[in-house]
Amino acid sequence: MNRELFAAGERLVSPAYVRQGCEARRSHEHLMRLLLEKGKCPEDGWDESTLELFLHELAIMDSNNFLGNCGVGEREGRVASALVARRHYRFIHGIGRSGDISAVQPKAAGSSLLNKITNSLVLDIIKLAGVPTVTSCFVVPMATGMSLTLCFLTLRHRRPKAKYIIWPRIDQKSCFKSMITAGFEPVVIENILEGDELRTDLKAVEAKVQELGPDHVLCVHSTTSCFAPRVPDRLEELAVICANYGIPHIVNNAYGVQSSKCMHLIQQGARVGRVDAFVQSLDKNFMVPVGGAIIAGFNDSFIQEISKMYPGRASASPSLDVLITLLSLGSNGYKKLLKERKEMFSYLSNQLKKLSEAYNERLLHTPHNPISLAMTLKTLDKHCSKAVTQLGSMLFTRQVSGARVVPLGSMQTVSGYTFRGFMSHTNNYPCAYLNAASAIGMKTQDVDLFIKRLDKCLKTVRKEQNKESDVSGVDNNDKTEDVDIEEMALKLDTVRLDTCQDSS
């Protein structure tokens with residue numbers, strides 16, 4: 001309600017009461033004005049009433065919500081289901097125009113404003129998370145893999161002779177397929193083993209650049225966030241190599257925003273060498289539904305070039321989701337989540353270390369990986385290689401999601417390329433192991449329940465191993481009472497770990 005409406009209301013209700021309501025309205029409007037003026041995430045999160053008022057004010061600026069709108073075109077924001085319209089807060093036109101995902105739509109001033117605000121807030125959060133010199137970013141309604149593809153396709157126009165992408169190996173299908181989909185040939189650089197950690201082979205990277213010729217290399221495609229025992233690439237050194245040879249550098253920072261260490265690597269890489277763009281997932285870093293990513297960089301013109309490469313308009317859903325989330329949390333709320341994640345990493349590490357030692361295993365020493373941990377499974381693999389896979393199946397059927405069991409010797413073909421030791425990021429890692437990660441939003445009870453279920457599964461697998469290896473025969477009456485229950489559970493564990501591997 002504007003001043004005229006409030007004034008009209010004073011004829012029906014006591015002016016004192018109306019003025020009180022007017023002041024309450026102004027408090028909401030003050031928050032909205034600060035957001036539009038500063039373009040930064042508010043320190044304290046907004047309440048739902050302010051958020052919904054703000055979204056409603058934006059939505060009525062779109063032509064599909066005009067009271068007298070007369071749409072005679074093929075794209076007029078018509079929606080058959082009122083439930084769908086409410087789900088999207090009546091933002092129906094999406095974002096961008098046919099030639100630029102960041103462009104303003106004449107029919108949708110509200111959606112365009114939403115898009116601009118979201119990009120501004122996300123840029124502010126990336127700076128807060130550890131990359132203060134980032135200059136530009138935008139939310140794209142595609143997950144990380146396709147967003148990386150968009151970056152590679154943009155570079156194609158700048159480097160017409162380029163055919164290859166140099167890629168330090170990371171056993172994750174979408175980042176590998178992103179290069180294939182873009183039409184380039186990945187040049188896989190095997191990692192080197194340093195202690196328990198798998199690290200970037202810098203000499204091999206530089207040797208391959210020299211062998212192929214810098215003009216024939218589209219870019220170096222590096223990774224920050226990854227499953228232990230692989231650790232983030234040596235970004236600073238890679239950035240220097242890219243700067244020395246005039247080669248672009250694209251960083252897969254999938255879930256790295258939540259890690260100050262990953263963000264620091266990107267910042268340092270840009271400071272000492274070259275980082276052209278870094279891509280991060282919305283769902284992994286901001287706890288929103290899957291379907292969006294952020295493409296960010298240190299050169300405005302290149303990031304704008306990427307946004308113009310996106311063909312057509314785009315869904316506003318990822319932008320709307322992250323906008324609502326960030327305004328609800330505020331910068332203080334997001335910083336609190338980052339702090340809690342670090343604390344959970346330490347807690348998970350300690351608990352997993354204790355459990356591993358109880359089973360004559362050990363927690364792999366991977367100090368350069370700030371998110372993922374790995375525990376050896378040597379004693380299981382020594383008796384039977386199937387026992388390792390069995391453990392993964394048991395965890396999966398007991399509703400433990402996210403943990404990965406990595407056996408030795410797995411072979412996987414991805415887009416015509418065969419990887420030995422797939423999921424372990426190297427051809428021959430010394431042992432089988434189990435992964436667990438401390439990601440944003442994890443709570444103490446999640447860790448405790450995971451450790452409890454993992455403990456029970458390890459006990460069951462050990463019992464099965466002992467039963468199979470006992471050739472002298474054992475009186476079944478001597479078994480513990482819970483064996484029958486565990487055997488019933490084992491019958492449910494026919495789901496192979498491959499299901500988990502494919503979903504990762």
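Each Cβ is built from the backbone N, Cα and C atoms, and glycine gets one as well.
Note: TrEMBL annotation is automatic and uncurated.
Annotated in TrEMBL:
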type    : residues             : note
BINDING : R75                  : pyridoxal 5'-phosphate binding site
BINDING : R97, S98, Q105, R313 : substrate binding site
BINDING : R271, R398, K463     : tRNA binding site
MOD_RES : K284                 : N6-(pyridoxal phosphate)lysine
Inset, instruction - Give the maximum pairwise CA distance in Å, whole number, for the residues R271, R398, K463 listed as binding tRNA. - result: 55
Inset, instruction - Look at the recorded positions R271, K284 and tell me which residue has the greatest number of other C-beta atoms within 10 angstroms of its C-beta. - result: K284
Legend entry - Cα proximity to R313 (substrate binding site), best match among recorded positions R75, R271, K284, R398, K463: R75
Inset, instruction - Return the single residue from the binding-site residues list (R75, R313) that has the minimum number of other CB atoms within 10 Å. - result: R75
Legend entry - Minimum Cα separation from K284 (N6-(pyridoxal phosphate)lysine), reported as the residue among binding-site residues S98, Q105, R271 that achieves it: R271
Inset, instruction - Counting other Cβ atoms within 10 Å, pick out the least crowded of the binding-site residues S98, Q105. - result: S98
Legend entry - binding-site residues (R97, R398), the one with most neighbouring Cβ atoms at 10 Å: R97
Legend entry - Span of R97, S98, Q105, R313 around substrate - largest C-alpha separation, Å: 10
Legend entry - Nearest of the binding-site residues (R75, R271, R398, K463) to R97 (substrate binding site) - Cα to Cα: R75
Legend entry - Beyond the site residues R97, S98, Q105, R313: chain residues whose C-beta lies within 8 Å of the centroid, for substrate: G94, I95, G96, G99, D100, A103, G312
Legend entry - Cβ packing number for K463 (tRNA binding site), 10 Å threshold: 17
Inset, instruction - List only the single closest residue to Q105 (substrate binding site), chosen from the binding-site residues R75, R271, R398, K463 by CA-CA distance. - result: R75
